[in-house]
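Everything below concerns the one structure shown next.
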Amino acid sequence: MGPPSMPPSFRPEDELEHLTKKMLYDMENPPADEYFGRCARCGENVVGEGTGCTAMDQVFHVDCFTCIICNNKLRGQPFYAVEKKAYCEPCYINTLEQCNVCSKPIMERILRATGKAYHPHCFTCVMCHRSLDGIPFTVDAGGLIHCIEDFHKKFAPRCSVCKEPIMPAPGQEETVRIVALDRDFHVHCYRCEDCGGLLSEGDNQGCYPLDGHILCKTCNSTRIRVLTAKASTDL
């Protein structure tokens with residue numbers, strides 16, 4: 001008596017019953033040659049030395065263990081298993097995303113930013129070239145990636161006194177910018193042009209501009225007296 005055969009048409013539950021009966025038959029009637037199991041690809045018995053191989057915790061005929069894409073035989077060859085599917089190395093690499101910077105396939109960890117994929121070591125600031133993996137960053141209008149510090153250095157308004165960018169101190173996210181007479185100032189640079197006193201705090205707090213000059217109240221008054229006296233002398 002041979003193994004049960006399938007009827008011409010069958011329901012899914014009939015197929016399950018058929019496979020169960022076939023498995024029981026194979027267990028009770030093992031092949032005469034050495035039996036290794038049932039091929040995970042074709043479902044037939046793997047019988048005889050040298051006819052099968054084991055991979056991904058499954059048994060295959062040598063001819064059935066092939067790359068899922070190109071069908072090249074994989075026995076004795078390096079392969080990659082993805083969701084119980086075997087890929088030869090070239091086909092696996094072709095399935096990988098490419099780094100937006102170096103255009104090479106990303107074999108290990110993928111860093112995603114700005115809707116693109118990167119190698120972690122390729123995701124760097126365009127100015128200082130420091131890796132930004134795990135570091136806050138920002139993007140300019142042209143899509144170029146900057147570390148926060150270099151972004152401020154490049155785009156922050158510059159102080160009209162010291163000409164340096166007005167940017168947050170290291171470890172800070174915000175800073176104070178003072179604007180007077182359409183000019184930008186650091187807090188510590190916002191001083192009276194005559195006496196050098198800070199205009200943002202203390203007794204001289206407040207700006208009293210005169211003829212485009214940044215002055216405290218006292219120096220403003222002094223300049224006005226000088227100008228008034230000169231005008232009287234000229235008369």
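Count begins at 1; order follows the chain as displayed.
Here the Cβ of each residue, glycine as well, is placed from N, Cα and C on the backbone.
Note: TrEMBL annotation is automatic and uncurated.
Per-residue pLDDT, averaged along the domain 'LIM zinc-binding' (37-96), amounts to 88 for this model. Per TrEMBL, domain 'LIM zinc-binding' is recorded for 37-96 (among others).
As annotated by TrEMBL, domain 'LIM zinc-binding' applies to 97-157 (among others).
Residues or ranges marked as domain 'LIM zinc-binding' in TrEMBL: 158-226 (among others). Residue counts for the domain 'LIM zinc-binding' (158-226) under DSSP, split into helix (H, G, I), strand (E, B) and coil, are 13 helix, 12 strand, 44 coil.
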